[in-house]
Amino acid sequence: MEAKLSIQILSLFLLFSVCFIRTTLAEGVTPEEAKELRDEVREMFYHAFNGYMEHAFPLDELRPLSCGGEDSLGGYALTLIDSLDTLALLGDKERFAISVEWIGKNLRFDINKTVSLFETTIRVLGGLLSAHLMASDYATGMKVPSYDNQLLKLAEDLGRRLLPAFDTPTGIPFGSVNLLHGVDKHESKITSTAGGGTLTLEFGVLSRLTNDPIFEQVTKNAVRGLWAQRSRLNLVGAHINVFTGEWTQKDAGIGTSIDSFYEYLLKAYLLFGDEEYLYIFQEAYAAAMQYLYNDPWYVEVNMDSAAIVWPLFNSLQAFWPGLQVLAGDIDPAIRTHAAFFSVWRRYGFTPEGFNLATLNVQQGQKSYPLRPELIESTYWLYKATRDPRYLDVGRDIVASLQYGARCPCGYCHISDVESHNQEDHMESFFLAETVKYLWLLFDLAVGPDNIVENGPYKYVFSTEGHLLPATPQISLVKEHCLYFGAYCRMDDIRQRSFTSDSANDLQESNDSRIHGSWTSGDPNLESTAVSGLIKGFCPRLTHGQKFGISYIHPIPRPRDDETIQQKEQSHTVLHNNHTISAQKKKQRIMEVKDKHAYDNETLIMELPELNCG
């Protein structure tokens with residue numbers, strides 16, 4: 001009874017939230033306002049960056065309330081390293097060059113510090129590699145004349161100091177490592193799935209640039225080690241023993257401790273063209289959509305039984321709609337993003353945890369540490385759909401940050417989203433990701449003038465928002481580098497006809513499009529969302545046909561004699577949990593094109609109840 005009441009209250013909450021969003025966002029962002037917002041976001045970056053340089057540098061991070069600094073990771077100017085490619089993205093050649101030169105001359109890693117393998121990889125190693133690729137290449141427009149691969153040398157030195165963490169029986173690395181002495185004998189053998197499985201991009205790029213395969217090998221072995229311990233449902237837990245391979249926390253989800261494991265499976269394929277990552281992603285994604293997706297929310301379940309253990313919206317889940325855009329599964333991405341944004345609208349920020357049963361902020365999870373995930377998904381959805389409502393979302397987020405988080409020397413953590421109390425800390429990722437995705441969103445609306453949209457390469461964003469280009473040296477296949485993902489040109493699509501119904505229905509605007517799933521000619525088979533990536537986004541792509549992407553497992557339709565219960569339990573990656581004909585796909589595509597993502601009646605009428613009990 002109590003669970004049923006909670007479900008009814010949740011439905012009312014969603015109805016109110018979406019109505020409120022629709023009313024509040026009635027006036028769209030004009031081109032002039034988009035330019036003003038882009039300039040405002042640029043000012044936000046420099047308010048925080050200059051605050052760090054004046055009051056905290058060379059310490060790791062800024063205390064924006066007291067205008068001081070602190071060493072939070074390793075004591076190596078973390079925020080400066082994390083900000084390098086944002087400076088390049090903004091076209092700030094002078095500050096970029098000065099920063100690159102200072103780091104090359106002053107940064108050293110031969111220090112007696114025990115650091116997080118995960119955080120050091122995504123923030124420091126990724127920041128160094130991204131900046132190196134820009135500083136060393138005239139084609140990026142950011143070539144530093146005096147640059148002599150200093151950042152790459154530092155990255156290689158750091159990578160070798162991190163390698164001892166991978167010396168485990170399972171190949172899954174320890175969570176921490178000492179930069180001078182390796183892994184301490186008392187180091188915990190428990191690590192998170194994200195911590196062990198979110199290293200492939202940075203280490204893979206390092207291998208490609210140094211011609212030393214060891215970095216790529218150890219991180220690929222880590223992914224294999226984690227995937228080998230998956231449950232029979234193809235779910236992974238949150239924490240695992242790196243020696244025994246036993247799960248110490250069996251809660252499966254897409255949020256805390258697991259999130260970027262899914263992200264790097266797809267992105268490693270996109271960047272390197274290694275179809276093994278795509279195969280694992282397709283299996284993992286299908287399982288996530290079958291067992292974790294409670295439209296439009298995602299819950300945590302036991303990895304063995306799929307029983308719900310935690311009906312919670314975790315703020316780190318907000319990256320998921322953006323990943324779905326890259327995977328070609330846009331319809332559920334739109335719906336989930338709308339639900340996540342309704343929580344932001346309620347509080348002005350996204351709490352770390354929002355309980356879907358009580359409809360309140362989860363006790364002990366009331367903070368907002370300036371996370372970028374919702375903004376990241378907003379950017380990708382706008383890039384894919386050009387729906388102006390995502391600009392409205394961005395405008396609302398800018399207003400919240402300016403009104404609630406801005407402080408004397410930067411931007412503050414929000415310790416309580418209900419009271420908006422500020423905390424004296426600013427994570428480096430605010431400059432690496434949060435501001436970056438906001439700026440990209442509005443720059444895209446104005447008419448993009450940046451290296452991501454107009455540069456010589458196509459970029460994959462790391463989980464820290466660092467720009468990793470698909471150059472011929474990094475990508476395995478030349479044509480893969482040119483044609484992957486959402487980056488196909490409309491001219492490419494027109495040059496070759498394709499039999500896919502949804503491919504024929506592509507709606508395109510400025511290098512992005514709305515699409516449905518691709519279906520094969522077999523009426524008994526439906527595609528996965530990943531086949532939407534290969535066939536829907538990019539009909540001209542031949543990389544898959546040459547290198548085995550066509551082996552994506554098709555999903556059989558339920559037989560006529562299956563029970564309703566069996567059909568309900570067989571939710572796969574199919575859009576909206578049921579078979580969609582080509583005609584209906586076309587209708588849905590046009591509906592998404594013509595109606596805003598926050599259409600009240602459409603969203604609420606299709607929301608199934610959250611089964612919390």
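From the backbone N, Cα and C atoms, a Cβ is placed for every residue, glycine too.
TrEMBL: automatically predicted annotations, no manual curation.
On a predicted model such as this, the values are computed, not experimentally measured, just so you know.
Feature list (source: TrEMBL):
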ACT_SITE  GLU119  active site, proton donor
ACT_SITE  ASP259  active site
ACT_SITE  GLU352  active site, proton donor
ACT_SITE  GLU373  active site
BINDING   THR463  Ca(2+) binding site
REGION    501-521  region 'Disordered'
SIGNAL    1-26  signal peptide
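Across the structure, GLU352 (active site, proton donor) and ASP259 (active site) place their CA atoms 14 angstrom apart. Of all the Cβ atoms in the protein chains shown, 24 others lie within 10 Å of the Cβ of ASP259 (active site). Around the Cβ of GLU119 (active site, proton donor), the same chain contributes LEU73, each under 8 angstroms and 6 or more positions distant in sequence.
Most other Cβ atoms within 10 A: among the active-site residues GLU352, GLU373, that distinction falls to GLU373. Secondary structure from DSSP puts GLU119 (active site, proton donor) in a helix. The two recorded residues the residue listed as 'Ca(2+) binding site' and ASP259 (active site) have their Cα atoms spaced 10 Å from each other. Rounded to a whole value, the Cα-Cα separation of GLU373 (active site) and ASP259 (active site) is 11 Å.
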